[in-house]
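To keep things clear, I will list the structure first and then write my remarks on it.
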Amino acid sequence: MAALRVAVIGSGPSGSYSAQLLTEESEAPIEVDVFERLPAPFGLVRYGVAPDHPRIKSITTSFAEVFEETPGVRFLGNVLVGKDITLDEMRAHYDAVVFATGAPLDRSLGIPGEDLEGVHAVREFVSWYGGHPDSDPQSFALTGQRAVVIGVGNVALDAARMLMLSVEELRATDVPEHIVNAFAASSFREVVIVGRRGPAFAKFTNKEFLEFLEVESCDVIVDPADLELSAEEQAHLDSDPAAKRLFSSFKKAVDRGVLGRDRRVRFVFDRSPVELLGENGAVTAIRLTQTTDPAVTETLETQLVLRSVGYRGKALVGLPFNETTHTVPHVESRVHDGDGVVDGVYIAGWIKRGPTGVVGTNRRCALDTVTSLLEDVSAPGRVSTASTAADVDDLLESRGVHVVDWAAWKTIDAAEVAAGESVGRERVKLHDRDEMLRVARGNGMDAR
Ligand SMILES: Cc1cc2nc3c(=O)[nH]c(=O)nc-3n(C[C@H](O)[C@H](O)[C@H](O)COP(=O)(O)OP(=O)(O)OC[C@H]3O[C@@H](n4cnc5c(N)ncnc54)[C@H](O)[C@@H]3O)c2cc1C
């Protein structure tokens, strides 16, 4: 019996879980090729999850087992689906294709001044400190005194915490050495986190907020006046235990008071940004209004503004796309173009659900996808028209695509560990795509 052949596009959590679950759940023999546009696997676990969260990042050990220990699963890194191989070609070569491409864009604030130098999507900042191969190592100089982060989710806290960590704390992470040096030279002493609503409605998880209270070099400042609750806020806390826990942590911060530390993070609630002001093309201040009384405005001097108001999905060539939700429309994970299901094409993860949920949420999501897919391919009378792994390899080779397979990735991985050892750190990420590819060529690249 010929093996079922499935292509998964994207090696983040939803792609990795999809590959794992396909092999676990399929009753028929199965081959899964996981395509990844970067020379490294794991998506946002490698390039989004904060570097000082090693416990969450350690999920990569179990994702790696999928590629290392599951017969029939291959990693094809450095392949951009849509350019190096088209969707139509994918559909011709595989019985089914799962898009697990995430949400790589960001939302904007829609206020004047967003194009000023020093105003960035938090995604750009995260990609930079995470050493994402698409980000320019020089993109952040960190010269200024006050940074402003707009948004009250965990990603906003991650970005603020990174600006506040000490060099010792940063050296315990895997961020590239030049990024540690940039943070070491940073002159920022204050980060202001701005929320549109009151603390009762903040989206941080309690655990992440409490972590801030542990950052040794940093004061955490919450205005006690912000903890006076409206009836609506009180009702919200009464109905939402997570919000209540977080709120009591804000109280803890107020009770701790100001300890006179070198750096500080300040939470400002019930404010909306209305304008970014600049001089010579660079941001110098942000104007905020009180959400409860828009006539009241204030201006905060700042040299760095990070908008952390959500990631956003990107349309994929050949697939339908909902421009409102920025996701690919589907029915039970089967891509749907408005007229009907697109045969053999499925979605999982953030491109399906939008940018919400933690890493583990993607397992449940991928299971739904895999269940629909396996149901379809095992339908009575269905005949496979898939080609072979060698055909796909030949196609990519004929186009001069240098595939980073698992062995080649392991070479990059080992080079990062070695680079870490040389400077007394556990690991130092390679930031530059060309360097990663040079290292990969040393062993395994194109070996397939
Ligand atoms: C800054 C940040 C911090 C986070 N921190 C945490 C945390 O601490 N704990 C937690 O549980 N969750 C955290 N999350 C959430 C978690 O990262 C997501 O739930 C998860 O990564 C979504 O998985 P995904 O596979 O859908 O997308 P992604 O992880 O984005 O993976 C998509 C992959 O597809 C690849 N790809 C895209 N297009 C193509 C193409 N055309 N061809 C080939 N490959 C392609 C991308 O390169 C990428 O590797 C965080 C998210 C962010 C943004």
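Numbers run from 1 along the shown chain.
For all residues, glycine too, the Cβ spot is worked out from N, Cα and C.
TrEMBL entries are annotated by machine, without manual review.
Given the structure is predicted, the values throughout are model-derived calculations rather than measurements.
Annotated features, as they stand in TrEMBL:
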{"type": "DOMAIN", "residues": "5-166", "note": "domain 'FAD/NAD(P)-binding'"}
{"type": "BINDING", "residues": "SER14, GLU36, LEU44, VAL81, TRP350", "note": "FAD binding site"}
{"type": "BINDING", "residues": "ARG196, ARG197, GLU208, GLY357", "note": "NADP(+) binding site"}
Inset, instruction - Compute the C-alpha separation of ARG197 (NADP(+) binding site) from LEU44 (FAD binding site), stating it in Å without decimals. - result: 28
Inset, instruction - Using C-alpha positions only, work out which of the binding-site residues ARG196, GLU208, GLY357 is nearest to GLU36 (FAD binding site). - result: GLY357
Legend entry - Inter-residue C-alpha distance, GLY357 (NADP(+) binding site) and TRP350 (FAD binding site) (nearest angstrom): 9
Legend entry - Predicted model, mean pLDDT over the domain 'FAD/NAD(P)-binding' (5-166): 96
Legend entry - Residues among the binding-site residues SER14, ARG197, GLU208, TRP350 that border ligand 1 - Cβ under 6 angstroms, in sequence order: SER14, TRP350
Inset, instruction - List the Cα distance (Å, whole number) between SER14 (FAD binding site) and GLU208 (NADP(+) binding site). - result: 23
Legend entry - Mapped DSSP class for ARG196 (NADP(+) binding site), helix or strand or coil: coil
Legend entry - Cα proximity to GLU208 (NADP(+) binding site), best match among binding-site residues LEU44, VAL81, TRP350: LEU44
Inset, instruction - Give the distance between the Cα atoms of ARG196 (NADP(+) binding site) and TRP350 (FAD binding site), rounded to the nearest whole Å. - result: 25
Legend entry - Nonlocal residues around TRP350 (FAD binding site), in sequence order (Cβ under 8 Å, 6 or more apart): GLY12, SER14, GLY102, ALA103, TYR311, GLY313, THR356, ASN362
Legend entry - NADP(+) binding residues ARG196, ARG197, GLU208, GLY357: largest Cα-Cα distance, in Å and rounded to whole number: 21
Inset, instruction - Give the sequence-ordered list of residues that share a chain with VAL81 (FAD binding site), lie 6 or more positions from it, and have CB atoms under 8 Å from its CB. - result: ILE9, PHE35, ARG37, LEU87, MET90, THR101
